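Listed features, source TrEMBL:
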- 1-22: region 'Disordered' (REGION)
- 12-419: domain 'Enolpyruvate transferase' (DOMAIN)
- Lys24, Ser25, Arg29, Ser171, Ser172, Gln173, Ser199, Asp313, Lys340: 3-phosphoshikimate binding site (BINDING)
- Lys24, Gly97, Arg125, Gln173, Arg344, Arg385, Lys410: phosphoenolpyruvate binding site (BINDING)
Amino acid sequence: MSDPLPISPVTQPLSGTVRPPGSKSLTNRALIVAALADGGSELTGVLDSQDTQVMLESLARLGFNVQHDQSLARVSIKGCGGTVPAGGAELWLENSGTSIRFLTALCAAGQGEYRLDGSTRMRERPIGDLIAALNQLGGHVTSVAGTDCPPVRVVANGLRGGTVDVPGSISSQFLSAVLMAAPTAANRVDIQVAGTLVSVPYVEMTLAVMRQFGVEVEYDSYRRFSIEPQRYAPTRYAIEPDASAASYFFAAAAVTGGEITVEGLTRDALQGDVGFVDALAEMGCTVIDGSDSITVRGGPLRGIDIDMNAISDTAQTLAAIAPFAEGPTRIRNVAHMRHKETDRISALVIELRRLGARVDEFDDGLMIYPGPLNPATIETYDDHRMAMSFAITGLKSPGIQIADPGCTAKTYPRFFEDLAQLTDAS
Ligand SMILES: O=C(O)C1=C[C@@H](OP(=O)(O)O)[C@@H](O)[C@H](O)C1
Ligand SMILES: C=C(OP(=O)(O)O)C(=O)O
């Protein structure tokens, strides 16, 4: 655990320009489909963080030829035409949900015995729905401890294909994992989503990346998908900056009344989390769309009532600035946040109350009331987004310290350096 980090409130509105590192979600998707492609791909703008390092290390263990140039944020990877070279491996995925879910499906497309495991929290994160789906497609996948959580054992002999139900209400990552592996199956895969589908923009992102690597999916309003056996094409692929990471900088502008530009992202980004700026606009900020950037200009904030199901990784960002708005903020329809790095609804409620805020907890979200905050050390629960979100609260309210700030390494190892660059320049 790293030492607590005190955050100094800003003395004037925070202004400047920042370019966050590459998107975690795009990096891990591009790596999976490039590994399944028919030859060498080159990815640029690759995120270098714990979640992508465990993916890269795993692909190397699986026998893929992967070259990572960290200084240039570039990865070259030689795909094996829909197969996995090593006939078995043990993979360690820390607490990276995308990595363990996407790689479980990739391993099922291989030949041999694989074991996938991760941190204590990872062993509490559900994966049973994905296991059941892969087994319907001819896989032999089990939860080793019978918990429907990792560790996972895959005895692989390729996927047969056929018809499969994929539940969507716990995590969209199960559907994304099945979609990306589906073109390697011997026969057509017909997917039917069971129940509601959470985090829909991430499924749109999966389909977009598959298309960019030359694979076509027929689908009908995110309920039914059909994938014929196909090969991914080797591709030169540029990864967008991370839109969830951008939310902290947009929130910093909002809460300090400053003006911050995030470069490399527009509303056309493949990441749904760019939509966080619409929430800020509803709270009273001005959003300025550039040709290759988005700028947020802060102002007096008003509380809002918002469904954040599609962009739940930014719900903590919003909750962390909500105490400064006029009127309460209600965040709805994010029950799936309870299955992430920590139970994020519960963590938000505890930490906002520690600061003296009035908060109501609901099964599906929370309500935050405005009011002055007191000094406190914020517990981060090994959740990068708790650390980054409450750092923004600390720009406005004195005496806030972030416990274990090193946990941002999961997706943004240099977060506090990038934030300091903005605060030092203002
Ligand atoms: O597919 C993805 O890249 C992700 C999907 C979301 O998870 P859920 O689908 O579990 O909500 C999101 O929270 C996560 O950070 C990344
Ligand atoms: C939920 C997250 O990650 P994952 O599910 O990939 O571990 C996140 O980055 O906020």
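Any Cβ shown, glycine's included, is placed from N, Cα and C.
Keep in mind that TrEMBL annotations are predicted by a computer and have not been checked by a curator.
Projection of TrEMBL feature records onto the structure.
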residue: Lys24; record: 3-phosphoshikimate binding site; Cβ neighbours (10 Å): 27
residue: Arg29; record: 3-phosphoshikimate binding site; Cβ neighbours (10 Å): 28
residue: Arg125; record: phosphoenolpyruvate binding site; Cβ neighbours (10 Å): 21
residue: Ser172; record: 3-phosphoshikimate binding site; Cβ neighbours (10 Å): 25
residue: Gln173; record: phosphoenolpyruvate binding site; Cβ neighbours (10 Å): 26
residue: Ser199; record: 3-phosphoshikimate binding site; Cβ neighbours (10 Å): 22
residue: Lys340; record: 3-phosphoshikimate binding site; Cβ neighbours (10 Å): 21
residue: Arg344; record: phosphoenolpyruvate binding site; Cβ neighbours (10 Å): 25
residue: Arg385; record: phosphoenolpyruvate binding site; Cβ neighbours (10 Å): 32
residue: Lys410; record: phosphoenolpyruvate binding site; Cβ neighbours (10 Å): 22
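Panel annotation: around the region 'Disordered' (1-22), residues 45-49, 73, 239-242, 245-246, 249, 252-253, 256-264, 293, 298, 377, 391, 394-398, 400-407, 412, 414, 416, 418, 421-423, 425-426 of the same chain, lying at least six beyond its termini, place a Cβ under 8 Å from a Cβ of the stretch. Looking only at Cα atoms, Arg29 (3-phosphoshikimate binding site) sits nearest to Gln173 among the binding-site residues Arg125, Gln173, Arg344, Arg385, Lys410. Cα proximity to Gly97 (phosphoenolpyruvate binding site) (within 10 Å) is found for none of the binding-site residues Lys24, Ser172, Ser199. A separation of roughly 20 Å, to the nearest angstrom, links the Cα atoms of Lys410 (phosphoenolpyruvate binding site) and Ser199 (3-phosphoshikimate binding site).
Among the binding-site residues Arg29, Arg125, Ser172, Gln173, Ser199, Arg385, the ones whose Cβ sits under 6 Å from an atom of ligand 1 are, in sequence order, Ser172, Gln173, Ser199. Using a 10 Å radius centred on the Cβ of Gly97 (phosphoenolpyruvate binding site) and all shown protein chains, the other Cβ atoms total 20. Helix, strand and coil residue tallies for the region 'Disordered' (1-22), in that order: 0 helix, 8 strand, 14 coil [DSSP].
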